[in-house]
Every structure is written in structure tokens, then in C-alpha cells.
Amino acid sequence: MSNTYFYSDEEIYNLLRPYVAKWFRQKYTTFTPPQRAAIPLIKQNYNVLVSSPTGSGKTLAAFLGILDSLFELGDNNELEDKVYAIYISPLRALNNDMQRNLLEPLNELRQVNSKLPDVRVGIRTSDTTPYEKQKMLKKPPHILITTPESFGISITSPKFSQKLTDVKWIIVDEIHELANSKRGAYLSAMLELFRNLITKKEFVRIGLSATVSPLEEVAQFLVGKDREYRIVDARFVKPVDIKVISPVKDLVHSSESEVDKGIYKTILNEVKKHRTTLIFTNTRHATERVAYKLRKLAENEKVFDVDAIEAHHSSLSRDVRLDVEEKLKKGILKVVVSSTSLELGIDIGYIDLVILLSSPKSVSRLLQRIGRAGHHIRSISKGRVIVVDRDDLVECSVLAKLARDRKIDSIHIPKNPLDVLSQIIVSASLISPIDRDDLFKILRRSYNFSDLSESDYSLVLRYLSGDFFGVELKNVYAKIRIKEEKIIYPKKGSRLIFYTNSGTIPDEAMISVVTENNRYVGNLEEEFVEILSPGDIFVLSGRTYEFIGSKGSKVIVKEAMGQRPTVPSWFSEMLPLAYESALEIGKFRREIAEMIKKGVTHNEIIESISKEYEIDKHASMSIYTYILEQYLFTNGKVPSDNLILIEIYDDEEGIRNYIFHALYGRRALDALSRAFAYVVSEELDTDVRVSVTDNGFALSVKRDVPFDYNIKSLFEKITPDNVYDIVTRAVMRTEMLKRRFRHCAERSFMILRRYKGRETNLERRELNSEILLKAIREIGNFPVMKETIREILEDHMDILRAKEILKKIASQEIKVDVFGPTNIPSPFSHSIILKGHSDVVLAEDRRELLKKLHERVVEFLRQKGVNIELEYTSV
């Protein structure tokens, strides 16, 4: 923020037309920090990234200068029938908000100036009717509101694109949400096509973002290569009040009913003190459960109207979600429970408290969620984080401190997605025939494709030309023609294929589950199926099943009565802990362990935690005793940011578990766990079950492992140089590869979601995908397969960070130690071991299992001469 210059009110008023300045003075009295910095920059035609919290006025910061410039044109009779500004957002709901938010000031300005020029605002999305689109051709809006996908289609439209040739400003809202996905790559490349093939001149790019980091990279994503930009850093202009709350004094010995009672008592106490409360959970299932329990409580205790409690998540119909949003705006609701669907800046009116149930897994998400409270620049964003266990308590305490200290984790921006590249090449050919070398230069100005290799580009051109297929199939799969090996033309039919199949969001599929004798069991979401491996146990309709495999859109299982689930049904929905946040949690563990080692007293350590992390003494004691138990149990080996501890635990079912305690973010751990499992499986010629959490991962094998098997030697066999290849081999036969291949094939127009205007059958697409996948395995360097592997390793996992960790291990910056074998798991391993239990047993029983594991730890320490219960009471 120190590099951001904030202009005075008078300086900005002097830049505006008198009647615009008068209207603003009457309505707002003063400019907000993002407005003070951004409006003058936009008036000076700078590319600008504005990063500030919800309710800080960044939307008006973007539009006020633009409206003023359009009024100037109108006052001079120079306002023509063409589009001057385009607003692009990831959500259609945001687009509807934006239209309302622009029409309101236009109507108010008309009261200040009766001769106000008629500035038109219009929406063009997939919901826009052909009639409305036709009207736009005759009388286009001066400000066009759209989505990335509709923008891509608009610039390839021969007629409508002619109305866009003089666009002066493009605003990208919620840019942080777009930048970390393939939708962002699509938009980034489309903006380059727009600049070079439609406007043929530069336009002002304005990015609006919530709290995000690093700002420099997001700004480069916005403007592309070799363009100047300015950053308005107003991320921390709103005061934030964050508190982490433990629902009970003792998270270990309290029963599940006591913890549950404590959670809802805390929620009710907070809700009573506030007008409107927004509660975030981490899964849709939890959202429904919390909303249901709150309704029951409200009914029993008569504290507020049952109808004033609603749930809001992506599985609900659009009409239901819109109804909830409308009730929120009108102030009818007391409580709304959501998963991730209300994180973005949809206008939901007045919220004065946000409650987070459990960790949001990253600092940026914590700030974004809490930022929904106090929807005004001078309001305090008030957030309460309620934890559910000791791991959650440690994690949330560290995340809250990082948020207060303004340390935000980095965004991940996908690089060189070849399926998106396929769409961009087809769209470029539809705008006009283009020289392949010229298009390559244009594409490399996009941040996402700035280091696109000539070989990958040629590979995708060959694929789109049908060169990978025999003569009989060439015409079926080709989407372009390249004349004289130079000029790219669209193939007949490509325009309709592009219009009906472009975009990057895959269709969500429900997969039928059947037994080996074809008895129907139920349905699973595709994102859950993709994390399954043969032998995995999961729960469906209250019964346990073993996953055998899949065929097309069917999952084949067999009953697994009495077996412990290895994958909880909600796990695919769980957000992964961010890398930087994980490192900070590891650092915190290390610092407490060092204090214990130095002999710092219990009370001093607890006092230090309370003061530095702003939590109460009971929560501090829970954290301290948790780390103390691990320290005493493992003889001082507390896994941290610079220590990976491999714990060898032999369980009661005859399974040897190699538990890797490692805090480096779940995406990196996902990659490492698959590499290690693959090598162990190859070396021991046995099946290896993998379980990954945010705090580490476990490799489980049958007990007949050679007694002297050196698990630590894996770090010599898996290196920064070979880990990419090993993980690639590991994922080649997974469900994830099958599912992601279909998504990439659909994005690459190899499998069509819509053909000749009609929706194609999903089951047929699944089968086609399987057939193609088998055939393509034989083709070397096939771009769709190459992209599938890249997406899994770089976007879903974090292979780059996995390499970084292995480098640090090789240089001894990160140490690796081994503990065990033992038949009692260490305190830190309990959550990893019990990962699947939440589906097969009641939560009450799961907590009882945790208590029993804890009792075994206490007994183990007692045998070592340490009475941990006395340690507690001495505090």
C-alpha cells in the first residue's frame, strides 16, 4: 500500500464533470481509499489493478471515471452507437447486480442534470435471448456486461464484433477468482485476440480483486506481456476483528455431544448479538446439516423465526439461490449458512458478522469470507472462527495471526493449458484467417501463454488439423485447415462447434454405482469418483463398499461390511491447506517444541501463545499440551517446517502404516504421496493404500513388509529430477486420469458436449472418452493427454512445490527422521488415521475413538515415567 498514491477529494472532483462531482458529493460526501487512488489513474488511461475488501467502493472506483468520460462525449455530441466499455465477471449474478448498480447512479444523475447524455447499459450472457442480441446489433449498449465465455463468443461474431472495434476500457471483476483457473487462461488469451484482431489498438484494462497475493503477478495476468500497469493496494483499508473460539475448554476429553452443544451454543450467542450472520462451512453437506440444526434450535428455544434461517450452496437450484440472496438484501434473514457460493462479491446487503466453522485453509479465503461482514468501508469486518479439534485449533490460530499480520498466501495461475489453447486457435481462425507465426506472437503476449513453446504450439495445430488421426477420421476431428503450412482457416462447421462448446467449466456428472452383478446402489459425484483407487472403502446410503473400478459412467463396487472407510464422502469437496499457511503452522510447531526443549515453563509458553495468537488460556493450553504430548511421545521429534517425521505404525488389523508427518500444503503432499506409493508398490510388489490430509499422508501396506525395509531411502530414489515422471506413471491408471481426460478432451473439442445445437448424452461421452483414452495411450506426445497430465500434476497437485521440498531435503534444509515401529500412534497421527471414520461411525463414536487413542498415548507416556495428566494440572 505504501507505493499507492491516494489523491485528495478536491483533486478528484477537479477531474470530473461538475454535475458528476455534485452527485457524488450529495450521495457519498467523500471518496474511499481505492477510489482516491484508482479514479485519477483510470482518467489518465493507465492499466490498473485494484485490490481491496468487499464494500470498499472498488466497483465505483472503476466506473466513475468511465461514466464521466462517456458523459463528456455525450455533452459534445460525440457519443456513438457502439460499445465503449466491457465489464467481465465470472458470475451471471454479479452481472445482474452490476446492471442494477449502474442504472441507479444514472437515474440519480439524471435528477442532477436533466440533460444527462443517454448512456446505455446492456447484458450479454448465455441467458440473453436471440431477440435481445438482435436489438444490440441495431442499438448496442455503451457499457456491455458479460462473462468470459460470452466475451469469447462475442469477439468471434462477424456482426457484433464490429460494434466492439472502439472499446476503450475493459473491467475484469473478481479477477482473483478467474486468474487461478482455466477460465482465466481463456480470458487472458481472448483479450489478446481482441486487442490484435478486433480493436487493433490498446485499451485500458482494469482489474478488481479481493485480498490477493502477489499483486504483481495478478497485474501481469491482467495486462499481459510488455504493458505498463499501476497497482492500487488497498487490501487492508477496512478494520478486521478476527477471533478463534474453542467451543469447549477441553477438546480431547469432551464428548461429541458436548462439543456439538458448545458449537451451537457459541453460534446462537453470536447470532443473538447481531442483526444478520453469515456462516461458512467447508462442504455442502455440512451447510445443510448446520442449517437444519439451527432451525431445530430456533424452533425449540424460540430465539428467532425458523424461516429466517436459509442455506446457500452450489447444489441448490439457481432459483433457490436467487431467492436467498434477495431475502438477504431485504434484511429478512437472520442467518444464512453457505459453503463457498457466497464468497464472491454478489450484493447480499447488510451482514454484521461472519462465522467460519473450521479452517478456511488459506489466509486469502479467511479474509475474503470475513470481508463479507461490514459491507461498508468504515464498518468493521467481524469474523469468528469456531474450531472442532486440536489440529483445527492450531491451524485456525496461525491463519488468524497471519491475517492480522497481512501475510497472504500466493495464488496459482495455470500456465500453457493446451486444451484452452485449442479453443483460442479455433476462435482466432473464426475472426479471420491468420498466419500461424503471427498468432503465436499474439498468444505469447498473454500471461498464461507467455512461455508457450513452439513445439507445443505446433503440436496443438497438428491436432486441430486432424494430423494425429488416419485419413478416415481426419475430417471428423479436424477443426482448422492450414493452407501452404502457414495460414490458419476454420473448417466448415467449426463456428457452430465453437459457439456451442467453448468455455472451460466441465459438466458436473453423477456416476451410477453398481455391484459386480449389476445391482444399482446409488449415485456418486464425479469429483468424488476421481479420487478413488481400487481397494478404497467408502460409504454410500449407510453401507460400506469397496471400489473395484469404473466403466463409462458406472462405478463398480462390492460390499465391504465392517471395513473401515479410507475416503470420507465429503473429502473431494474439502479445500486444500495452502502451502505458505502450512509452512507457518510448521514453524509455529517448531517454535513451541524449541521452548519445551529449552525448559520454558508451562505457564510461560501458554501465556506466550495466548498473547501472540490472541486466543484464550484454555485454547492456548489445548495447543500447548497437544505439542507437548507429541514431543514427549517421540522423544522430541515434532514435525515442523524443517522436519519430516516418518512414523511406522502397525495397527490392529495387521496393516503397516508409514505416516509421513509433513506440513507443505495438501496439493504438494498429494504429488509426493503418489510418488512414494508408486515406488514402494514397485519395490515390494504389493498394493499400497494412500491417505492424504493437510498434515501429512499415510502409505498403508500388509504387514508382510521386509523387517529391514528402509522407508527413509525413498528420499534418495525420488529426486527433484525424476519426481515428475514418477508421479506421471503413478496417475496413468487412476480414475482421476480418466475423468480429467474427458474434461480436457471436451475443452479441446475432441468430444463435443453439444452437437448441431443439441446436448450430447453424458454416458455416451464417458464411453467415447474411455475408447479414445485407450487408443491415445499408443500415440506419443498427444496434446490432449499431455494437457491432462499437466492439469493433474500442476493445477490439482503442486508438482513444482513437491520438487522444491525434495531439493530442500537433498540440501539438508529439511531433515527427515523416522520414529517406530510402534503399535500406538503418536498424537499428531490420530487425525490421519481416522480420516475415513466420519462416514462409518457416528461422530460421537469417532470422538470416542480419538479419546481411546489419546488414552493409549497417556498410558504409553506413563510407562516412560511421564504423568501427562499431572503436567496438565500443574498448568
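A Cβ is built for glycine as well, from the same backbone N, Cα and C atoms used for every other residue.
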| Given 77-80, 173-176, 745-748, which one carries Swiss-Prot's motif 'DEIH box' label? | 173-176
| said: Fewest other C-beta atoms within 10 angstroms of its own C-beta: which of the binding-site residues D173, E174 fits that? | reply: E174
| task | Enumerate same-chain residues with a sequence separation of six or more from T59 (ATP binding site) and a Cβ-Cβ distance below 8 A; give 'none' if the list is empty. | result | M98, N101, D173, L208
| query | Does K58 (ATP binding site) have same-chain partners at least 6 apart in sequence with Cβ under 8 Å from its own Cβ, and which are they? | reply | P34, Q35, A38, V50, S52, L208, A234
| remark: In all the protein chains shown, the tally of other Cβ atoms within 10 Å of the Cβ of I355 (ATP binding site) is 27
| message | How about long-range neighbours of the motif 'DEIH box' (173-176): same chain, 6 or more residues beyond its ends, C-beta under 8 Å? | response | 49, 59, 87-91, 94, 98, 184, 207-210, 212, 218, 221-222, 344-345, 364, 411
| task | Can you check how the pLDDT averages out over the domain 'Helicase C-terminal' (247-419)? | result | 88
| request: Enter the number of other CB atoms within 10 angstroms of the CB of R372 (ATP binding site). | output: 25
